[in-house]
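These notes are about the structure you will find just below.
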């Protein structure tokens, strides 16, 4: 029996129900992958191996350090998830009035627009999450971002030292990354569901997550560097001395310099965890969203 698909071309879904379902789906996904996300970020921005990173984190910061920046990350995922699916539902219907293209292309276009909107709206919390999760000092709950107080302190610190622009370092690269990734995710997801109708949402979501993540991982690495390199606490976030030296504003120029000084492999540091994270993240996101939409509509 074919499952109902609320993301299919022309599917009429109410924006409010999509916002609510997307927010809950985003939070559910975040709760499942928070420790993997922390480890992935540290591998991406550091120079140590996974075993050494995990061992050092637990020994010097405690097991709960795997959830550093979790509050900022949870808020980010709620905003991102609600905007993502709300925008997709609206765009999905609106595109039908503008152009009539094959379902896969339709979903890819809607996904690209969705990616830009959701990335821009949630970006300040993405910056906060990255900085909090990669800070390696042994600190209290209040300063690791697992509480409202710690999150507020970091917001205040960034605003005072870097201004409003501090919350948007790397936003252009992020929008390019997320736009391509989201377009690939929705395009692949709908392509799989159209070609193999019996495929369930979780399986299609997992496959689309792996493909989209692999394509865009180098952009994600560049974005993470842009997010932390202007911080006054950079030395506590990474042991990679090149990050503080590579201060080019252009993502392309920065990419060239990274490859020249550190090699192509650096752009893919942490991709194993990134892919491992993307499978449950995308699968849970789409599965929870689809099932909540069935309940709410």
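Keep in mind that glycine also has a Cβ here, set from the backbone N, Cα and C atoms.
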Which of these ranges is annotated transmembrane segment in Swiss-Prot: 252-269, 270-287?
270-287
If you look at how Swiss-Prot annotates this chain, which of 19-36, 37-54 comes out as transmembrane segment?
19-36
Range annotated as transmembrane segment - as stated in Swiss-Prot, picked from 138-162, 163-187:
163-187
Given the ranges 58-74, 75-91, which one is assigned the annotation transmembrane segment in Swiss-Prot?
75-91
Tally the residues of the repeat 'Solcar 1' (13-94) by DSSP class, grouping H, G and I as helix, E and B as strand, and everything else as coil.
73 helix, 0 strand, 9 coil
Would you mind splitting the repeat 'Solcar 3' (196-295) into helix, strand and coil residue counts from DSSP?
78 helix, 0 strand, 22 coil
Short question: which residues 6 or more past the ends of the transmembrane segment (163-187) have a Cβ under 8 Å from it?
7, 84, 88, 104-105, 107-112, 114-116, 118-120, 123-124, 126-128, 208-209, 211-213, 215-216, 219-220, 222-227, 229-230, 251, 282
